[in-house]
Every structure is written in C-alpha cells, then in structure tokens.
Amino acid sequence: MDNRRKKKLTFFTIGLIFLLSGVEYAVILPTIWRYLQTLEAAPYFLGLALSAFSLSGLLTGPLFGHWSDKTRTTKKIILFANVFEIIGNFMYFMGYSKWLLLSSRLVAGIGTGAGSSIFGFLTRSTAPEDRATAFAAVMACRQAGLLIGPAFNIFLRLCDFNLGPFVVNKYTAPGLFMCLLWTLIQLAVIFMYWDLPHLEKEKANDRLRGQSKDEENKQGLMEEENDEEKPLMGSQELGGSYGSAVASNTARSDTSAASNATLNHISPPLSPVPPESHESSIPSKTSSISREFLREEVVVLLAAQFITLFNQTALETMVTPMTQKYFGYGELENSVMYCLCGVEVIAGFLFVRWLSQRVTERVVLAIGLTICNISGVWCLIFLANPLGGFPWQLTEFVIGVFLQVLGLPFVAVAQVSLFSKVTSEKTQGFSQGVRRSVGGLATILGPLWAGGLTDNMYIMMGVMMALLALLTIMLAFSYDRMLAPAVEEQVDDPDNCG
C-alpha cells in the first residue's frame, strides 16, 4: 500500500474518532439528568458528572501528548486511550449507583486525552500551509457527530429489555451503544491507521540523500576533469629520483594530500545532516516551560482558546432556560434548534477550510473575533432583557445565537492552527495537550458561571463581553507576532518532519 493511500485512511480514521466524540456528547447529554434522578442523585450530581468528564481529559491531555512526543507514535496511544472510553461507557451502562455513574464519566474522560496526541500528529504530518485545512476538517467531523447524535436517541429511547443481569432502557442504552461504537473504532485504528510522521521523515531523508548524491556526482566529475588536465609526472617526482629520502617524503606528502582530498570530497555531502540535527535538538533540550508557553503570541492564543470556549459553554447553559422562559420550548424545539446550529457550524467550518487556503490564520482569527464581539454586544443589549412581543423577542434571540455560532469556526480553526506553528514542533503533543487542558478548564467554569447567574443576565453577559474586549485588545497589540517564526526552519530541516 502506497503512502498516499495510508495517509488518506489514517485521516479518515481520525475523522471517525472525532465524529464519535461528538456523537457521545450528543447521546449522553440529553438523558444523563433523568438517569441520575432514577438513581436518587442530588441536583449537583449533574454538574459533577459533566465536569468529571472534562476534568479527566484536562489532566490526561498533556500526559498523552508528552508520551507521543517522546515515542513519535500515536497509534498505540489512541488504542490505549480508547480502552478507557470502552470501560467508562460500559460502567455508564451498568448504572448500579450514582457513584458508579460519576466514576464512569471520569474514566471515559481519560480517553479524550488522546486528542492532544492526534493534534500533534496532524501538525507533524501536514505542511504548514495545509494545517488549517486539516484542522478545520477534523473539527467539522466532531460537529457532524453533535448533529447526528440526537438522531440515535430516537431508537435508543425505545430500548426496554434485559441483557443478562443488566437492564437496557432509554437511560442505560446510550452507554452500551457508545461502548460498541468505541470497540468498532478500535478495529478501525488497528487496520486503517499508520504513524505517518515516520513516512514523511523517510521522504525528506530520501530527498536529502538524493541531493547528496547529486552533489557527489558533480564534484566527482569536476575532479576527474582536473585530473585529466594534470601532467603525468610533476617536477617533484623528477627531482625525487636523485635520492630516496626526497622520494619517500614526496610520496608521503602526496599520500596525505590525496587522503585529505578524499576526506574533503566525502565530508561536504554528509556534513549538513549531523550539524543541523544536532543544532535543532539543542533548543528542545534547553527550552523550559516558561520560554515555550509564556511568549506573547502563545499567551494570546491560549487566552483565545479559554475565552471563546468559556463564552460558548456559558451561552449553551443559558439557552435552554431562556427558551423555556420566553418561548415555552420543550425538548423537541430545543433539539431542532441545536440541529440547526449544528448545520450552521459545519457550514462555517467548510467555509473556513476554503478561506484558510487564501488568507493567513491571523486574518481568519481577526474575522472570527470581530463576529464574536458583534454577537456579544447584541446579546448584552437584546438578550439580557428581551423587549417587545413574541415575534420581536424570537428575532432577537435567533440573531444573537446565529452570530455567536457563526464566529466559532473562525476562532477555533485559526487559534489551533496558529498555536501549532508558534510552538515547538518536537513537543507538539504536549503543547496541544496544554491547549486542550485550557479549553477543558473553560468548559468546566463556563457552565458554572452561567448556571449561577441565570437571574442576573447583565452580569453574566457583561463579564463575557469584557473578556472578549480584553482578547481583542491582546490580539491588536500582538497581531504582528501572530506568524510562524520557525516555518522556514521546519521546511529546511527534514528531521523536524518526524
């Protein structure tokens, strides 16, 4: 099987993994609250269960990323992480007690830590100019999972039978369903996933060896031409016939000169590789966490990750109570609304995928942040205290949600692509783990912030708007640094490909 086909199958498998992560979120979330109620859990257990999933992923992301940086492999890491997804979802299916249910989400969340290894893998196996396109496609797969996930609940809610000692109903069926899907993903990873960075490194080394051979051939031809122009006997050889001492010294000098010429001839094509690889390994050994993550551009991108996800999850938490209060929406209306938002997000990612091939990531980030600011101002004015009758309130709500969802793909794709370029490629797995941990922290704090301020919308949205304004100011001052400083080095140094 050629490398191109392996790459396509590998990327297809990565898309399936992110698709399934979206499906799991969409299948578990609608039923987990009623499931906890059947187990006589207190209301705060819902927040604990949802936060436990994010917390374990937050902690394991950097660990899995560091593992992939050290081994330069991701296949084994994905297979290992998926075991926790399988076990966690089976524990969710068992559901003997509220504590087992809480533990199940904690165990399943460990599997999400493999995402940092996958993003590091994508960074090492794609060219810088194609990276935003690849990230956009992967993120769109997760959004597609969020879109089609609710459809599975249509038949899962009809389950009502026993499987040995276990009861399969509309609450436990999602756990069994996801357990089976993650098992199938294991088979897909085994048979359709390859660690491509090694293949890319071989290609780069082949190109380097080809260039070295060309240089050797050119130098060999030049030396042959020089040898043809030399006389058969030099003056030193003629003079040496009068004494053996002079002849032997001359012979030794000719031999040493010839050996030096041979060494000089051999060393040039071989010398570029060791110095470059040696010099490129020095920064990765001497660089510290402070030098890597406290640089201005890295701080701005991590802030973009945190603030956008914080605002997104806070608004998601606020939307359902708001639609119930002002519009009387139930589960069906909210499901339709989320499906429409999913369609918009997927269309947004596809547009960003097209746009990123024509403009730089910092332009995409600026566009997305502008849309988010417009959305924040709109929500602060019209949604904090909706005015008018039902049609006008619904219009205000639809426009606010549309603008909020519209800006997400721009910011998400741009910040993750830029982050992969401004951080070291050799520690990309760990760096992506840190980025995803910052996002995980935002997904924990966002719902907690919004959940406690549903009756104080001006405070909730005012703080969210202030965070967006802060991020906008940070981006404005750091806009010139939102570039990849090591792109040229990565292209010139083929060892960085692996």
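From the backbone N, Cα and C atoms, a Cβ is placed for every residue, glycine too.
Here TrEMBL flags 206-218 as compositional bias 'Basic and acidic residues'.
What TrEMBL records for 10-480 is domain 'Major facilitator superfamily (MFS) profile'.
TrEMBL lists 206-235 (among others) with the feature region 'Disordered'.
Per TrEMBL, the feature region 'Disordered' maps to 257-286 (among others).
Here TrEMBL flags 42-65 (among others) as transmembrane segment. Away from its own ends, the transmembrane segment (42-65) comes close to residues 29, 32-33, 36, 77, 81, 98, 101-102, 105-117, 120, 428-434, 436-437, 440-441, 443-444, 447-448, 451 of its chain (Cβ-Cβ under 8 Å, at least six residues beyond either end).
Here TrEMBL flags 77-96 (among others) as transmembrane segment.
Here TrEMBL flags 102-122 (among others) as transmembrane segment. When Cβ-Cβ distances below 8 Å are used as the criterion, the transmembrane segment (102-122) is approached by residues 14, 17-18, 21, 24, 45, 48-50, 52-57, 59-65, 67-69, 74, 77-78, 80-85, 87-92, 94-95, 131, 134-135, 138, 175, 182, 195-197, 416, 420, 428-433, 435-436 of the same chain, each at least six residues removed from its ends.
For the transmembrane segment (134-155), same-chain residues at least 6 beyond its ends with a Cβ under 8 Å from one of its own Cβ atoms are 11, 14-16, 18-27, 30-31, 118-119, 122, 126, 170, 174, 177, 335, 338-339, 342-343, 345-346, 349-350, 352-353, 356, 409, 412-413, 416-417, 420. Positions annotated as transmembrane segment by TrEMBL: 134-155 (among others).
Per TrEMBL, the feature transmembrane segment maps to 175-194 (among others). Listed by sequence, the residues of this chain that lie at least six past the ends of the transmembrane segment (175-194) yet keep a Cβ under 8 A from its Cβ atoms are 6-7, 9-10, 12-14, 16-17, 20, 23-24, 27-28, 75, 78-79, 82, 85-86, 89-95, 104, 111, 152, 156, 163, 168.
The annotation transmembrane segment is assigned in TrEMBL to 298-315 (among others). Same-chain neighbours of the transmembrane segment (298-315): 292, 365, 369, 372, 376, 379, 401, 404, 408, 411-412, 415-416, 418-419, 422-423, 434-435, 438-439, 441-443, 445-447, 449-450, 460, 464, 467-468, 470-471, 474-475, 478, 481-482, counting only residues six or more beyond its ends whose CB sits under 8 Å from a CB of the stretch.
Among the features that TrEMBL reports, transmembrane segment is placed at 335-356 (among others).
Distant neighbours of the transmembrane segment (363-385): 132, 304, 308, 311, 315, 322, 352, 355-356, 396-397, 399-400, 403-404, 406-415, 418, 457-458, 461-462, 464-465, 468-469, 471-472, 475, 479, 482; these residues of the same chain sit at least 6 beyond its ends, with a Cβ under 8 Å from one of its Cβ atoms. Sequence annotations record features per position, and here TrEMBL assigns transmembrane segment to 363-385 (among others).
Here TrEMBL flags 397-422 (among others) as transmembrane segment.
Annotation comment: TrEMBL describes 434-451 (among others) as transmembrane segment. Beyond its flanks by at least six residues, the transmembrane segment (434-451) meets 47, 50-51, 54-55, 57-59, 61-62, 65, 113, 115-116, 119, 293, 301-302, 305-318, 416, 419, 460, 463 of its own chain at Cβ-Cβ distances under 8 Å.
If you look up TrEMBL, you'll see 457-477 (among others) marked as transmembrane segment. Sequence-remote contacts of a segment are chain residues at least 6 beyond its ends whose Cβ falls under 8 Å from one of its Cβ atoms, and for the transmembrane segment (457-477) they are 299-300, 303-304, 307, 310-311, 314-315, 318, 365-366, 369, 372-373, 376-377, 379-380, 383-385, 449-450.
If you look at the transmembrane segment (77-96), the same-chain residues 6 or more away from its ends with a CB under 8 A from one of its CBs are 17, 24, 28, 35, 39, 60, 64, 67-68, 71, 103-114, 117-118, 166, 168, 171-176, 178-179, 182-183, 185-186, 189-190, 193.
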